[in-house]
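*Asks:* Sharing the features that Swiss-Prot gives for it:
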ACT_SITE  91  active site, nucleophile
ACT_SITE  183  active site
ACT_SITE  185  active site
BINDING   238, 239, 240, 241, 242, 243, 244  ATP binding site
BINDING   311, 478, 533, 539  XMP binding site
DOMAIN    15-209  domain 'Glutamine amidotransferase type-1'
DOMAIN    210-416  domain 'GMPS ATP-PPase'
């Protein structure tokens with residue numbers, strides 16, 4: 001994407017850079033800022049300023065699970081403090097600001113402070129008060145820390161206190177450097193969004209112009225410049241909202257020079273191929289090619305149970321198929337008006353995919369290789385062969401849905417649940433066989449159909465049925481059986497970074513379970529996954 005950096009979001013919009021020290025809340029900082037129509041990006045705390053390709057309007061140092069004084073604790077590049085832009089430290093970030101001035105400034109608290117606390121703001125005068133402009137003098141905030149400031153850093157004022165934190169808020173006397181022990185990004189903090197707005201808009205001077213209407217124009221211009229007047233793009237589509245929106249955006253940018261490819265891996269949902277054809281080709285006017293590679297994928301995954309090995313194989317084989325299709329398209333169009341080399345490969349990668357795949361030393365190590373990020377072969381990520389183009393890479397899921405509406409995609413399509421590129425293959429825990437694929441496919445169809453019939457589909461962020469690797473004893477037809485277990489998963493979420501299990505009524509789950517056991521051969525037991533994210537991920541592999 002570096003070919004046209006001047007059109008990337010952080011160069012087209014005022015940007016707040018959030019440096020992540022491993023807090024479970026860090027992504028919420030970016031979310032809250034974007035809800036304020038201020039563009040924000042999150043990078044690991046190891047990001048060196050010299051390697052940053054843009055100048056942010058402000059920098060936020062996130063919370064984290066470390067103690068700043070421990071050996072091996074992460075520390076920010078000191079060069080950020082010489083950048084000349086406002087800085088806000090949150091929790092660990094506050095302690096990092098204080099620690100770099102004097103290592104004795106941060107101490108272990110005599111009592112930990114988790115949950116709600118009453119914060120009292122202190123007026124000092126001048127720019128120091130800007131963080132709390134327009135807010136009440138006292139309000140409840142969310143705390144999550146064991147360490148605290150033992151003394152006020154030299155050159156700083158105290159701007160807020162709580163019963164357990166004498167220095168719950170600090171501000172530099174002359175520089176726009178602020179620190180908060182509380183978490184303004186968490187919804188439990190009253191005025192949290194206002195605090196972030198005061199920092200981003202009033203202190204950093206960011207314009208509140210980050211909208212999908214603006215993004216569409218910027219991204220179409222970027223795509224056109226990147227691809228050029230004759231270049232062609234091949235795109236992976238799966239039937240999910242991400243790939244559909246990405247495909248429509250590419251169609252708007254370069255017209256018939258975009259070719260969508262649906263790889264039938266044999267792991268699609270019931271009737272998925274026909275539905276994708278109808279959506280993309282008939283409703284959205286997109287060139288669609290269906291490549292049947294089901295036998296190749298099934299044979300290649302035989303005997304593989306490890307989820308990372310599955311993802312790596314699927315990622316590599318996907319690109320093999322796409323490169324074959326690219327050659328066919330180029331040959332067919334060699335002497336036509338659309339002649340041109342296919343040099344790019346479109347993916348519907350989202351920002352949560354990127355965040356989950358970022359690794360740095362510490363607790364925010366890679367959760368899993370994402371099939372849209374780490375599952376690709378090196379020849380793709382290192383610029384060999386087809387080059388990656390990911391227009392949704394900086395967006396959260398709700399922003400993608402908004403973008404889809406901006407592009408004129410119908411409500412039903414925009415609200416479709418995500419469907420991973422590897423399909424049912426990563427919803428079958430353990431080894432994949434044709435029989436197990438069919439079980440998972442039928443169970444999923446029953447589950448989703450009943451969710452739709454109950455009028456719950458749009459209330460749920462994502463839902464699916466998966467197959468457990470173990471089996472269980474049951475009694476069917478007066479006989480003992482030892483058969484498979486289906487796992488049902490449905491979550492409520494807005495950004496797919498955090499999620500909670502959807503609270504179905506007991507009667508509904510009973511009816512779903514009864515249908516699956518009666519209608520799906522080889523299944524004798526059904527379980528519902530109540531795990532939230534974190535600690536779980538939404539997909540099981």
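Placement of Cβ uses the backbone N, Cα and C atoms for every residue, glycine included.
Note that this is a predicted model, so its numbers are computed, not measured.
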*Asks:* Quick one: pull the CA-CA distance for residue 242 (ATP binding site) versus residue 311 (XMP binding site), whole Å only.
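*Replies:* Their Cα atoms are separated by 19 Å.
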*Asks:* Summarise the model's confidence over the domain 'Glutamine amidotransferase type-1' (15-209) as a mean pLDDT value.
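*Replies:* Overall, the domain 'Glutamine amidotransferase type-1' (15-209) comes to a mean pLDDT of 93.
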*Asks:* Given the recorded positions 91, 185, 239, 241, 244, state which is nearest to residue 478 (XMP binding site) when distance is taken between Cα atoms.
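*Replies:* Answer for the nearest of the recorded positions: 239.
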*Asks:* Taking the Cβ of residue 91 (active site, nucleophile) as the centre, count every other Cβ atom within 10 Å, in any protein chain shown.
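*Replies:* So the Cβ neighbour count for residue 91 (active site, nucleophile) comes to 28.
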*Asks:* Within 10 Å of each Cβ, count the other Cβ atoms, then let me know which of the binding-site residues 238, 243, 244 comes out lowest.
*Replies:* 238
*Asks:* Would you list the other residues of this chain near ATP - those whose C-beta lies within 8 angstroms of the C-beta centroid of 238, 239, 240, 241, 242, 243, 244 - in sequence order?
*Replies:* 237, 245, 246, 348, 416, 418, 419
*Asks:* Three states by DSSP: which one describes residue 241 (ATP binding site)?
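*Replies:* The residue in question, residue 241 (ATP binding site), is helix (DSSP, three-state).
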*Asks:* Let me check the 10 A CB neighbour count of residue 478 (XMP binding site). How many other CB atoms are there?
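*Replies:* Its Cβ shell of radius 10 Å holds 5 other Cβ atoms.
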